[in-house]
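Okay, so here's the structure we're looking at.
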């Protein structure tokens, strides 16, 4: 990306001012989480006079933060792994057989699910998962993997079709099976799109609220968004504790983002272009 | 050749089995339940045909939820696209610290909708009214979310705040597909910035405009987390979205079958809107 000509200062200033709209709510969240009750009343916008880090320890204790974080981390990572394995595989089979009726039909079968709103499945899925004993973190992982399939197959198939078939044919001449070709040649070639799909599925799984809300009833399996929901209901007057809890829940993603933002943004951009 | 095909069939099995079991099957079940009178927890229910559908059309709560959701979705979609296109144009211009600004504008997209909603809930009740009072407006000095007439604007505001992030990145990737020599040529021909935008930039990113409009509309029509965090459907039922109505009625109100029928209608509506949007916007793409 080369910058054309000299810096356009008018646009730079507008863009810089625009970021205030984004940063202000986050500034408020951070300062409130560090204030005591007294500060909350006397200075709404200012920095805390006494930095109350106890809000965080208190929030960790009250929400059982580490357990919820562990649950969220497990579901997020497991969903990412399962998604990369199953979705890329089916997308490969579809992308290489688009001239075949069965695979083309399968493609449209999956894609059409993008337009099915979740509520139509929501009520029956609760019955189904409880009947199957799947109202737990493993069940949550499988459901997240399934509900990402429509969009992921769409993105994957587009990408795989842009990979030339010459390498696969060469491998086949050398006697590699279709499976061997996939794992040793195609899957490594798909790394850019795997990264994109991985990032997007991690974001949506980590932040998802509705699916855990309807599936999980055992408190020890609550994910982070679910904990905020319960916490908010019980302690809605102690804002500094609530905000400390919100920040704790967002912090892991924010940290990952700070270190990998360039990669994340490029990944998302690539997934969109394909 | 036959063996190769066989391997491809095997590759589809895990996804197909899981997808059918946890997506298609429950969706079909949902359609089936919509013709019964099941409350969701008892053992007994009867097949009642189209009665649920008949009553849906006379239910003021249903009309109300559709009314709010559409009003909200249209306004949110328009503003999300307008603002994110402007920001993307700005981020694509020759500005300082471009990567830093890109990172900041994408930040809202990585945050949980529920928590963003809670933060704004506080801002609406405790912070924005302070500014409203300074401006001397009685409406703005109160909590807009508690105002039956204007609460939907508060919800839309937060949806736009967060929705802009993703669309900006999509528009930005669209802008980067435009070769720069087109602009050089138009500069030589003496085109104004305004002409340049309407004659070159906008037609060139038409496919991205289509994707963004469809995605923003679809996401807004399915709004749930934001409603829970900001208003819980209130005041009264002023901001009750369709998904919120299906959730509360289906799980807490004993209207399992009735809300299943509502979901079926909801599905048909979303599918129709998406198809119409894609058709309409794609025709625009080819005309240019």
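Cβ from N, Cα, C; glycine included.
The transmembrane segment annotation in TrEMBL covers A:12-34 (among others).
Here TrEMBL flags A:69-260 as domain 'ABC transmembrane type-1'.
Long-range neighbours of the transmembrane segment (A:72-94) within the same chain, counting only residues 6 or more positions beyond its ends whose Cβ lies under 8 Å from a Cβ of the stretch, are 103-104, 106-107, 110, 137-138, 140-142, 144-145, 148-149, 152-153, 156-157, 160, 182, 186-187, 190, 194, 197-198, 201-202, 205-206, 223-224, 252. The transmembrane segment annotation in TrEMBL covers A:72-94 (among others).
Annotation source TrEMBL lists transmembrane segment at A:106-126 (among others).
As annotated by TrEMBL, transmembrane segment applies to A:138-160 (among others).
Feature annotation from TrEMBL assigns transmembrane segment to A:181-206 (among others).
If you look up TrEMBL, you'll see A:241-260 (among others) marked as transmembrane segment. When Cβ-Cβ distances below 8 Å are used as the criterion, the transmembrane segment (A:241-260) is approached by residues 29-30, 32-34, 55-56, 58-60, 62-63, 65, 68-69, 73, 203, 206-207, 224-225, 227-228, 231-232, 235 of the same chain, each at least six residues removed from its ends.
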Candidates A:12-34, A:106-126, A:138-160; stretch with most C-beta pairs under 8 Å toward the transmembrane segment (A:181-206): A:138-160
